Amino acid sequence: MPFLLYVLFEFVDTIFSSFLIYIYFPSKSYGILSASTYGYAITVANALGFLLLWAGMYGIRALNYSFYIITLLVLCLLIGFLPYNSFVLILLFLFVVFHTAFFFWYEVLATKFEKFEIAVGLSYASGFLALGLLMLFESLNLPLLSLLYSFALLSMLFLRGVPFGVKRLSFSQIKRPKFLAEVFTVWIMGEYAEVLSSMAYYVLRDSSALNEAYIHKLFGIALLTAFFCAILSPFLMEKLGIKNFGTLTIFIMMCIPALLGFPSLFPLLAVMVGVSIAFYWVFFRTYLYYRYPKEEYIHRFMFFYFASHLGGIFLYSTLFEIFHSHQLSLLAFSALLIPTLALNLFFL
């Protein structure tokens, strides 16, 4: 029963949170916030989420698993049923804050269902499939989806008693060369993937005069691609090995900026973004899972989760203020993947 509840929630959360954070929030803020300002807002939201997570684990006991569920429940219902106004933008910002903190808890909870890891992965990938189809056919109903998400959140309260330990972060470990290489690699790849996800709507709207329906179709293509890549990744990784799989992921990421200058190639761009994001998450989780024993997984995941969600969008927003071009900003950001490629080849 706990496993089924977890799989159901992961499926619904992938649909609802991905739509809200990567499509709905930027679409409602576009025209109100510039690309740079929106990027800074997302950076602040992620940082506040990490502060809440840190405070809850090591200080304020009230900021626990149940607190995040109830808070997200209230926020999702308000967002789903309130008529859109500027107040909803604040609610969307708060959703990012609390979801950032809660995401850590439900991700590490997956370690309790180790023997069902394939089913857990399929539920995550199936969420991409479902949202991709909803985007392609323009058939997403936000109030209905918020209700489904609220019920899924309530079901997760039954798992609040599942025990798992979290050790204190010891930054002295980063001094070890191999771990430093791991953190830097995951940091750059994760930040790049986060920019591709969080800033995609602004990049598409600013780069060409695209209508909302076409942008939704591009998101649908990216999500469907991510689904199929997530399904095929284990077989590809078995053939290539983790190191070569990581190298392939980095090469694909580095090719993306070149396509931004050609609107006719945006469907191909959407495919490559979907491949990059799916491959990154498979590489990240698989590397961590096989590189470290189970008792170290949660501890390392915390390091890598922090590393892949802080600074990248801020850097991209700053680059955009300098270049006033999404293509040049993404190209400059992708240059950071070059040392990442070297570290992946020689240290990981």
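Glycine residues also receive a Cβ, built from the backbone N, Cα and C atoms like all the rest.
Here the structure is a predicted model, which means the values were calculated and not measured.
Listed in TrEMBL for this protein:
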type	residues	note
TRANSMEM	7-25	transmembrane segment
TRANSMEM	37-55	transmembrane segment
TRANSMEM	62-81	transmembrane segment
TRANSMEM	87-106	transmembrane segment
TRANSMEM	118-136	transmembrane segment
TRANSMEM	142-159	transmembrane segment
TRANSMEM	179-202	transmembrane segment
TRANSMEM	214-237	transmembrane segment
TRANSMEM	244-262	transmembrane segment
TRANSMEM	268-290	transmembrane segment
TRANSMEM	302-322	transmembrane segment
TRANSMEM	328-347	transmembrane segment
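Counting same-chain residues at least six beyond the ends of the transmembrane segment (37-55), those with a Cβ under 8 angstroms from any Cβ of the stretch are 26, 29-30, 63, 93, 96-101, 104, 198-199, 202, 306, 309-311, 313-314, 316-317, 320. Residues 16, 20, 52-53, 55-56, 88, 91-92, 94-95, 98-99, 101-102, 105, 142-143, 145-147, 149-150, 153-154, 156-157, 160 of the same chain sit 6 or more residues outside the transmembrane segment (62-81) yet have a Cβ under 8 Å from a Cβ within it.
Remote same-chain partners of the transmembrane segment (328-347), defined as residues 6 or more beyond its termini with a Cβ less than 8 Å from a stretch Cβ, comprise 177-178, 181-182, 184-185, 188-189, 192, 195, 203, 243, 246-247, 250-251, 253-254, 256-257, 260, 312, 315-316, 319-320, 322. Listed by sequence, the residues of this chain that lie at least six past the ends of the transmembrane segment (7-25) yet keep a Cβ under 8 A from its Cβ atoms are 76, 79, 89, 92-93, 95-96, 99, 103, 106, 110, 116, 119-120, 123-124, 126-128, 130-131, 134-135, 140, 142, 145-146, 148-149, 152-153, 155-156, 197-198, 200-201, 216, 219, 223. Note on the transmembrane segment (244-262): residues 185, 189, 192-193, 196, 203, 207, 233, 236-237, 268-269, 272-273, 275-276, 279-280, 282-283, 287, 326-327, 330-331, 334, 337-338, 340-341, 344-345, 348 of its chain, located 6 or more positions outside it, place their CB under 8 angstroms from a CB of the stretch. Residues 6, 9-10, 13, 17, 20-21, 24-25, 28-29, 32, 41-42, 45-46, 48-50, 52-53, 56, 63, 65, 68-69, 71-72, 75-76, 78-79, 156, 301-302, 305, 309 of the same chain sit 6 or more residues outside the transmembrane segment (87-106) yet have a Cβ under 8 Å from a Cβ within it.
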